[in-house]
Amino acid sequence: MNPLALQPISGSLHGTIKVPGDKSISHRSIIFGSIAKGTTTVTNFLDGEDCMRTIDAFKEMGVPIQKNGSNVTIEGTGLSGLMEPNKELDFGNSGTTTRLMLGLLAGLPFNTTVYGDASLSKRPMNRVVDPLRLMGATIDGKEQGNYLPLTITGTSLNSIDYDLPVKSAQVKSALLLAGLHSENTTIVREKSPTRNHTETMLQAFGANIKSDGHTTSISKTDDLQGCHVEVPGDISSAAFFVVAACMVPGSEVILKDVGLNETRTGIIDIVLQMGAKLTIQNERIVGGEKIGDILIISSPLTGVTIEGDAIPRLIDEIPILALLATQADGTTIIKDAEELKVKETDRLLAVSENLTQLGADVTPTEDGMIIRGNTKLKGGNFKSFDDHRIAMMGIIASLVTEDTVVVDNIDCINISYPNFVNDLQSILK
């Protein structure tokens with residue numbers, strides 16, 4: 001445990017920050033680069049613990065990967081060139097690595113056992129395992145394969161036409177990766193569009209894939225081709241500074257080179273709806289992904305309702321938006337967010353418990369919470385639940401509390417944003 005005590009601030013936030021590379025895209029760049037033929041180069045790779053688990057897994061399967069800071073070079077072996085690992089694969093805390101790799105490993109001609117830390121071992125895997133079994137996959141583990149560790153017995157896979165019962169880009173991506181192995185076309189249908197980095201990047205690598213936002217089809221592709229991936233800044237990391245600059249009076253912050261993929265920008269839509277002074281500058285397309293600079297100037301805010309199709313576009317930002325809601329006038333209602341119960345921790349519980357501890361007026365509901373705003377927050381102990389996004393939320397909360405906030409463990413921040421505290425200190429004026 002590595003606690004951090006944060007005193008109340010007297011100033012405001014001013015300056016420019018370049019947030020680290022997008023976690024979702026960093027994971028996928030390693031996966032697709034490894035199963036492609038030829039060289040893939042990656043710039044602005046997220047140097048966090050989760051993404052390193054993905055690199056380590058492919059190194060164990062014989063893929064030459066060189067990492068120099070945030071630059072990565074992958075000498076892809078192609079799907080047929082991956083080798084059976086000599087030991088079990090440790091995915092640590094990374095749900096993305098686990099779920100995507102289950103789809104990939106299911107169709108490879110060897111057996112693999114995968115495991116993770118205590119937190120990951122509590123996260124349900126049947127949402128991926130069940131449809132993979134419909135494709136012919138053989139996956140065994142605790143409680144009928146619902147929890148790690150899992151053993152995947154490689155086999156030939158059938159195609160599938162599958163309606164996603166959950167709003168999960170990870171499940172969609174796992175099935176699309178499995179579809180690379182199957183002889184016929186695999187189709188994945190979703191009611192609400194989730195993040196589409198897998199579809200966008202597979203197209204760039206030469207896969208036979210089509211998508212209209214709700215329906216994605218993929219056919220067997222003999223060989224993906226290596227390419228260059230420039231990873232944009234992670235909007236989920238930028239969200240903490242967006243909220244901080246909105247809340248702290250007199251603040252003005254610029255966030256450089258942030259990914260603005262429309263399946264991820266729900267946070268921007270919601271804070272604008274609340275009355276934020278936020279503008280996008282220098283907008284451009286890089287490697288098929290929209291990026292730009294975000295300028296935020298503090299302003300009074302009003303509560304809103306966050307629900308429905310907005311949820312998958314901001315699922316990771318709900319904790320920090322809940323904090324913002326405590327400082328907005330009126331009531332904010334969050335619903336349809338039951339997916340947060342199966343993240344690194346039960347984030348609905350973690351958010352409501354911590355905000356209540358700080359003096360916020362929060363009523364938990366089955367699929368979200370009701371937050372009555374314009375609340376003075378006191379200090380106190382803040383439980384990270386060993387969840388990086390909850391820990392960073394606690395640090396940002398200290399900017400608007402009357403007394404000291406003690407976050408019980410900040411080591412988990414290394415999963416997605418190792419330099420978070422230093423970056424925040426750099427704009428405290």
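Placement of Cβ uses the backbone N, Cα and C atoms for every residue, glycine included.
From a predicted model like this one, the values you see are computed outputs, not experimental measurements.
As annotated by Swiss-Prot, phosphoenolpyruvate binding site applies to K23, G95, R123, Q170, R347, R389. What Swiss-Prot lists as 3-phosphoshikimate binding site is K23, S24, R28, S168, Q170, D316, K343, and the listing cites sequence analysis. Positions annotated as active site, proton acceptor by Swiss-Prot: D316.
Recorded features from Swiss-Prot, shown on the structure.
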residue	record	contacts (Cβ under 8 Å, 6+ apart)
K23	phosphoenolpyruvate binding site	L46, G48, D50, C51, T96, D234, S236, S237, S416
S24	3-phosphoshikimate binding site	T96, A169, R195, H197, D234
G95	phosphoenolpyruvate binding site	L120, R123, Q170, K343, E344
S168	3-phosphoshikimate binding site	R127, T194, E339
D316	3-phosphoshikimate binding site	S236, A239, K343, R389
R347	phosphoenolpyruvate binding site	I318, P319, L340, K341, D387, R389, I390
For R28 (3-phosphoshikimate binding site): intrachain residues, at least 6 apart, with Cβ closer than 8 Å: L100, S173, H197, T198, M201
Other C-beta atoms that fall within 10 angstroms of the C-beta of K343 (3-phosphoshikimate binding site): 21
Residue among the binding-site residues R123, R389 whose Cβ has the most other Cβ atoms within 10 Å: R389
R123 (phosphoenolpyruvate binding site): secondary structure state under DSSP, collapsed to three categories: coil
